[in-house]
Every structure is written in C-alpha cells, then in structure tokens.
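Q: I'd like to ask some things about the structure below.
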Amino acid sequence: MTLTLYNTLTRKKEPFVPLEEGKVKMYVCGPTVYNYIHIGNARPAIVFDTVRKYLEYKGYEVQYVSNFTDVDDKLIKAANELGEEVPVIAERFIKAYFEDVGSLGCTKADCHPRVTENMDEIIDFIQTLIDKGYAYEADGDVYYKTRSFEGYGKLSHQSVDELRSGARIQVGEKKEDALDFTLWKAAKDNEISWDSPWGKGRPGWHIECSAMARKYLGDSIDIHAGGQDLAFPHHENEIAQSEALTGKPFAKYWLHNGYINIDNEKMSKSLGNFVLVHDIIKEHDPQVLRFFMLSVHYRHPINYSVELLENTKNAFGRLKTAYSNLQHRLKSSTNLTEGDSEWLEKIEEQRKAFQTAMDDDFNTANAISVLFDLAKHANYYLQEKNTAEHVIQAFIQLFDEICSVLGFSLKEQELLDKDIEELIEKRNEARRNRDFATSDQIRDQLKSMNIILEDTPQGTRWKRGES
C-alpha cells in the first residue's frame with residue numbers, strides 16, 4: 001500500500017511523494033523554552049517522532065529539524081519575574097525538554113536550532129523581504145505587508161477579506177494595515193536585543209521558523225508539522241514569508257496534530273488545567289504516556305485524565321505480559337515444524353496490517369490494535385502443548401519491529417548502575433528536603449525493578465535482588 005497523509009494545505013489525503021526520491025526533509029515547530037513542557041507540547045513531539053520513525057522504517061533518509069524559541073515575550077517576562085537572564089532560563093528548560101521527551105522515547109532531531117544562534121540569517125531574511133517590497137520598517141519595528149502576498153490564507157482556507165474583519169491594530173503598533181504582522185520588534189529599555197539595520201531589537205515569532213527551516217533544509221521542504229493551534233497564524237505567516245522570499249513552494253505537506261482536553265475541557269493556562277510532563281512521569285511510566293498519546297489518531301482531539309492513563313497502563317501491561325510469556329516459553333521450545341506455516345502466515349498478516357494502518361495517514365490507533373491482535377494470537381499459540389522456537393522468535397521479532405516504530409518497548413527494562421545511583425541521589429535529596437512522598441515513590445520504583453535499598457549511617461547501599 002502507498003503511504004498517504006492528510007495535507008492541511010489541500011484538506012485531503014494524498015499519496016506521499018517526496019521532492020527527492022528516497023529522502024525526506026521535515027521541519028517541526030518546537031517549544032518556547034520558558035517552563036517545563038505540558039502534555040500539549042508533548043503530543044507533537046511524540047506524534048512527529050513516530051512519523052519520522054515510520055518514514056525511516058519504510059527506507060527513507062529523513063532529515064529532521066525541530067527548533068527552540070529561546071527568546072520571546074514569555075521568556076523575557078519569566079526572566080524579569082525570576083531575576084535571571086533570558087539565556088540562563090532558556091538553557092535550563094532546553095535541558096529539561098530533552099530529559100522529558102527523551103523519557104517519552106523521542107529521538108533527538110538531526111538539528112535543534114535556536115533563534116539566538118541564527119540571528120544573522122533572520123536579519124538577512126527580513127532585509128530581503130523589505131528589498132522585495134513585502135515588508136516595511138516603522139520606527140524600528142518591521143512589519144510584513146500581508147496583502148502583498150497573493151496566496152495569503154491558503155493554508156487556513158480563509159480569504160484576506162474574511163481575515164480583515166477580525167483584525168485590529170493594537171495600541172503602540174505602527175502597522176499600515178491591521179492584517180500586517182511583526183517581523184522585527186524594536187527593543188524596549190533593559191530588554192535583551194540584537195543590532196540590526198533598523199536599530200536594536202529582536203525577531204517576531206513567525207520569521208524565526210522560516211529563516212531556520214531555509215538555513216537547515218533549503219528553500220522547499222517535504223513536511224512541515226506542528227500542533228493544530230499553529231496552523232493560523234504561525235504557519236500561514238511562514239508560508240507568506242518563505243514563498244515571498246524564494247518564489248518557491250515552502251512545504252509540500254502540512255501535518256497538524258489535534259488538541260488535548262483535560263477531563264473533557266480544553267487545556268488552557270487561563271483555566272489552570274494544564275499538566276506538566278515533568279510531573280506526570282514522576283508517578284507514571286513515561287512509556288505509558290507515549291502509548292496513551294498514540295492510542296488516538298494524531299489529528300483527533302484526545303482527552304486526558306488520570307483514570308484514562310491508569311486504564312492505558314493496564315492495557316500496556318497486557319501487552320508486556322504477552323511478550324514476557326513468549327520470552328519465557330522460548331527457553332523450552334523445540335525445533336518443531338508441524339503446523340508452523342499457519343502461525344507464520346498469521347504473524348505475517350499482522351505485519352501487513354500494521355503497515356496498512358501506518359500507511360493510512362500514520363494511524364497509530366489502528367497500529368496499536370494490531371499489537372493487541374498479535375498478543376491474542378501469541379496467547380493462543382502458547383496454549384499449544386509443544387511450541388516451535390522459530391515461531392516464538394517470529395512473534396517476538398514482530399512485537400519488537402512494531403514497537404520500535406511506535407517508540408516504546410515491551411521488554412523489562414534493566415537499570416544500569418549509573419541510573420540506579422542517580423535515582424538514589426534523587427531520593428536522598430528528597431529526604432533532605434523532607435519530601436517523603438517522593439522518597440517513598442523512588443524506593444517503590446526501585447523495589448519494583450528488583451533493586452533493594454539499605455539505609456546506613458554511611459549512606460544508602462543497594463543490591464540487585466535474586467531473579
């Protein structure tokens with residue numbers, strides 16, 4: 001089956017044909033690093049990491065770029081509130097981001113460009129737009145002349161006139177038209193800034209991604225992706241900037257993941273109902289959170305609650321049990337061949353079902369259903385009096401194959417010594433801070449992994465329990 005994906009630009013599923021055969025250039029909008037990421041930030045990280053993994057599974061060479069916005073209004077506000085420098089805060093939360101998404105099974109992008117490290121390219125991009133008549137300077141600010149770009153609105157499927165009716169010029173803005181948007185902001189007093197032809201300032205949000213995508217991936221890319229909330233105005237404005245500058249299509253396919261609701265309400269900071277990944281993975285297996293995110297098609301909204309996550313944990317546990325039973329039975333299996341072709345055919349059918357699911361716009365929900373079907377077949381097979389080693393190996397291999405694409409593992413994780421030492425140090429720190437709930441949670445976590453702790457006057461000792 002041919003891989004098809006839903007393109008927001010055309011509002012339909014299309015066969016995937018990359019610009020260059022066998023290669024995929026992919027850009028995913030990353031976070032603004034002023035705090036720990038919430039589960040709304042985690043969803044695109046997980047979803048598009050899975051898209052990347054499946055493209056690689058199909059044999060494509062994927063060049064994957066995802067940025068960090070490490071200077072903007074939110075970071076400046078956080079810096080003022082905390083009495084710290086913007087780069088210090090950005091660095092702290094970039095480190096935290098890698099820790100969080102790493103625990104969720106996300107592979108690092110080939111490149112994670114930062115706005116502050118690409119300022120020359122951003123300034124050059126803006127100057128070229130001015131030279132071409134698509135932008136103008138006004139008292140140190142630079143604005144994009146939206147009506148000058150003929151295709152504006154093609155991603156969000158809105159006409160300029162429709163957009164104009166809701167547009168307003170805010171106090172302090174010097175734009176000529178309410179539809180125009182900021183490319184460069186003149187610096188305020190005591191605010192982080194960079195020199196430019198228009199005076200000291202910093203870039204607007206939209207220009208950053210256009211400039212960095214072009215620098216690291218070229219004028220035209222295959223896939224541009226992000227959350228549904230970015231389609232307008234962010235991605236719409238990226239198209240206007242990039243295509244005005246190059247005269248070429250910016251991205252062939254636009255992918256957007258759906259919203260996350262918390263207990264059936266849309267997640268928002270105004271409602272105070274956002275949940276940090278940092279907090280969830282203190283109490284829940286990060287793999288379960290990833291499994292939960294992929295259990296719904298990426299374009300559909302997903303409802304999060306602790307109860308639903310617990311249900312997911314139980315479902316994930318059933319798969320781990322089936323996998324564990326296969327590994328255990330492997331030790332007593334023989335070279336039996338009678339009836340094995342029938343079981344091998346069933347396994348191959350499940351492989352094809354997985355590929356069919358993923359070829360249909362990366363339908364991870366259906367792919368996970370295939371895992372449960374595979375587990376059901378495995379459980380039936382294990383009821384046989386005699387089992388063949390190569391059949392069990394085939395079951396295990398397909399489980400591993402599917403899970404490697406979906407980004408989790410059914411294997412029991414054995415902690416490395418350094419990981420154990422790090423957990424013990426976190427527990428000791430919690431005890432020093434009289435955070436006994438965290439201390440007990442880490443002890444229980446280690447106990448579940450067969451690690452036995454002994455607290456002594458000289459410190460905490462540990463050993464692995466008997467298998």
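Start at 1 and count along the chain as shown; that gives each residue its number.
Even glycines carry a Cβ here, placed using N, Cα and C.
Under the heading Zn(2+) binding site, Swiss-Prot lists CYS29, CYS209, HIS234, GLU238, citing sequence analysis as support. Per Swiss-Prot, the feature motif ''HIGH' region' maps to 31-41. For 266-270, the entry in Swiss-Prot reads motif ''KMSKS' region'. As annotated by Swiss-Prot, ATP binding site applies to LYS269, with the evidence given as sequence analysis. The phosphoserine feature in Swiss-Prot is assigned to SER270; the stated evidence is sequence analysis.
Describe the structural context of these features.
A: Listed in sequence order, PRO44, SER66, ASN67, CYS209, ALA225, GLY226, GLY227, LEU230, HIS234, HIS235 are the same-chain residues at least 6 apart in sequence whose CB falls under 8 Å from the CB of CYS29 (Zn(2+) binding site). Mapped onto three states, the DSSP output places CYS29 (Zn(2+) binding site) in coil.
Taken as a whole, the motif ''HIGH' region' (31-41) shows an average pLDDT of 95 in this prediction.
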Q: What are the other residues, in sequence order, whose C-beta lies within 8 angstroms of the center of the C-beta atoms of CYS29, CYS209, HIS234, GLU238 at the Zn(2+) site?
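A: Neighbours within 8 Å of the Cβ centroid, excluding CYS29, CYS209, HIS234, GLU238: TRP205, HIS206, GLU208, SER210, HIS224, GLY226, LEU230, HIS235, ASN237.
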